[in-house]
Every structure is written in C-alpha cells, then in structure tokens.
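S.K.: Dropping the structure in here first, questions after.
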C-alpha cells in the first residue's frame, strides 16, 4: 500500500495552513511495453514477429514459443530465427535491404 503524500499548497493561498490538500490512499500503476521495431511482421513468413513462424506452426506438437525466437541484424531488421536461418542457407544478405547479413542479437 502506498504511503500518504504531502502536497504543497501554492504560496499565495491562506486556506488551511498546514493541512494536506489531498491524501493518496491507494495507487494502482499500470505499465505497457512494446518492441522497439518498426515492422511487426517477419518479412520472410509474413507472420507476426511475436507469433510462431510457419516452421514452428507446422510442428506445433514439438515447438514452443521459447524455441521460436526473433533475430535482429546489424541493419535493425528483425525476422524469426528459423526463417532467417533458412534464408541464409542460400543467400548471405538481409532479405529487405540486400546488405551482407550479420546477427546483432537474437532471442526474446
């Protein structure tokens, strides 16, 4: 439970010197988050980047969301790790900007 908060009154008022204007009894904070990427979909399989890739969807019995991670390149493009790995078997470039692919990070 949050502690009571003292609130200063404006210096020009004389109403109730020393009294609190209000007291916070309870505060329920809410926070939201989002990935810091512009594109929400994997450009290779077209699924949402936070959903399973098409390979994991086909093998849903054995796949978990922990296994289907996101991979970022130094170009800041993001793909499912399985999708970009399959792509890199034939071409060593980013599918979106054609620059040489280099992993920046991967994982959730």
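Cβ coordinates come from backbone N, Cα and C, glycine included.
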S.K.: Besides 53, 56, 68, which of 77, 82 does Swiss-Prot list for that Zn(2+) 2 site?
M.R.: 82
S.K.: Which residue counts does DSSP yield for the zinc finger (53-98) in the helix, strand and coil classes, in that order?
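M.R.: The counts are 13 helix, 8 strand, 25 coil.
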S.K.: Could you check which of these binding-site residues, 53, 56, 75, 77, sit within 10 Å of residue 42 (Zn(2+) 1 binding site), going Cα to Cα?
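M.R.: Hits: 53, 77.
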S.K.: Could you name the residues, excluding 42, 45, 80, 83, of the same chain that surround the Zn(2+) 1 site, i.e. Cβ within 8 Å of the Cβ centre of those residues, in sequence order?
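M.R.: Other same-chain residues with Cβ inside the cutoff are 43, 44, 46, 47, 49, 53, 54, 79, 82, 84.
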